[in-house]
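Copied over from Swiss-Prot, here are the features:
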type	residues	note
DOMAIN	7-78	domain 'KRAB'
ZN_FING	103-130	zinc finger
ZN_FING	143-165	zinc finger
ZN_FING	171-193	zinc finger
ZN_FING	199-221	zinc finger
ZN_FING	255-277	zinc finger
ZN_FING	311-333	zinc finger
ZN_FING	339-361	zinc finger
ZN_FING	367-389	zinc finger
ZN_FING	395-417	zinc finger
ZN_FING	423-445	zinc finger
ZN_FING	479-500	zinc finger
ZN_FING	506-528	zinc finger
Amino acid sequence: MMFQDSVAFEDVAVSFTQEEWALLDPSQKNLYRDVMQETFKNLTSVGKTWKVQNIEDEYKNPRRNLSLMREKLCESKESHHCGESFNQIADDMLNRKTLPGITPCESSVCGEVGTGHSSLNTHIRADTGHKSSEYQEYGENPYRNKECKKAFSYLDSFQSHDKACTKEKPYDGKECTETFISHSCIQRHRVMHSGDGPYKCKFCGKAFYFLNLCLIHERIHTGVKPYKCKQCGKAFTRSTTLPVHERTHTGVNADECKECGNAFSFPSEIRRHKRSHTGEKPYECKQCGKVFISFSSIQYHKMTHTGEKPYECKQCGKAFRCGSHLQKHGRTHTGEKPYECRQCGKAFRCTSDLQRHEKTHTEDKPYGCKQCGKGFRCASQLQIHERTHSGEKPHECKECGKVFKYFSSLRIHERTHTGEKPHECKQCGKAFRYFSSLHIHERTHTGDKPYECKVCGKAFTCSSSIRYHERTHTGEKPYECKHCGKAFISNYIRYHERTHTGEKPYQCKQCGKAFIRASSCREHERTHTINR
């Protein structure tokens, strides 16, 4: 039985020349695999069946793959003469239907039709077993490059390779510095900049060139995670993310940076990392002119202009600019720490925290400050440190105008305005602005006091307390008041200086009385509840 208004295979297939394929990042190749797997599933669901393909192997020769898949689709139908049409999938015909006015070519063997002689001839050879003179001379690859002697099955593959061989990349992106060897490559790439792809996400409006990529993306919003790790049970939205995660268990890394020795799972990751050494930032924001190392970074940055935060926590309603931040935030509710240090067993919420921690064991600090020579474990730490020399504070609070060196400091400060306390004690329900405060508070329940004074043996719940205490033995008072010269052991000087400035930032919500310290305000507020 034939399906009415069924799509042609080319409408759902994704194709690249072998040379375009060679230029793709592993992450882009992984996307291809995802798309083809989804295509197989979708076509199977409408009655088309064939043997399960090993896409991992077959995507190495995608163009020949599509011919095989067409044949398998034909074989799966009841009649051998299925009426399936064959379009030659040229570079700029990807994901498009056959253009009107093109004369079809009919196979004399089985009666099937195709729009191009190349696709028809390929099909006839499949029917008759006929091999052309070029085929007999060079085997399956009749087109041979004079420079490198590499041979190709298809003319367009040969032509694309010829450009790659001569380093010719005539197509460049106006939005960024990327260059491409074919018109189709730049068209697909421009969708990322323009956001005008034909398939849009129902939830956030993000545009995609292919339907299947859009469907995979929507899983971020729906929470569907069909791919599960057998070792730890963690689930993922995409099949390609799973093997990357599995490397956290095996410790396998594919590439190592020659500059600093850091290891990476994919060549695309190491290419991006190398820019931290060279200083190359090919992606520029049109609104503010700021430049970035990676495309994902500029996409994330653009949301600071639009204020867009499409990823919302179902538990507390907090919104985020990217899915990974929501995922990381979710672990503050669950307490999950899936990434464990092999040397000391300490667990972390995300891989970046683990990687940062692991460097404390090696003491490797490849990034040196040019002004003072201080070494750092990663480029981002060096960048933040350099602000101590320049005095730069790029992160400003929209509520009060206060500026900060670090974005994380701004985020924490904003909680003083919103009153948000996302970290709650499971034992008594008390909530805290900072996770570190919760961690210290939990020791009041457990009785754990890991910091002991070497002079008198007194123990403390947090490191700052023991630092202040030790100064009672040494007599050190590093904090001096600018107004009266009085010195202090701790940063209590902040409260003291308010006695000179008259600043009282903590106000009672009931009567409006203001206080220098938050603890004084809280104590006062209790007088209202007692008087009731």
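Cβ coordinates come from backbone N, Cα and C, glycine included.
Against the zinc finger (339-361), the recorded stretches 255-277, 311-333, 395-417, 479-500, 506-528 differ in Cβ pairs under 8 Å, and the greatest number is found for 311-333. Counting residues 6+ beyond its ends, the zinc finger (311-333) has Cβ neighbours under 8 Å at 220-221, 300, 303-304, 349-350, 420, 422-423, 435 in the same chain. In the zinc finger (423-445), the DSSP tally of helix, strand and coil residues is 11 helix, 4 strand, 8 coil. For the zinc finger (479-500), the DSSP-based tally of helix, strand and coil residues reads 8 helix, 4 strand, 10 coil. Confidence over the zinc finger (506-528), given as mean pLDDT on the 0 to 100 scale, stands at 89.
Helix, strand and coil counts under DSSP for the zinc finger (311-333) come to 11 helix, 4 strand, 8 coil.
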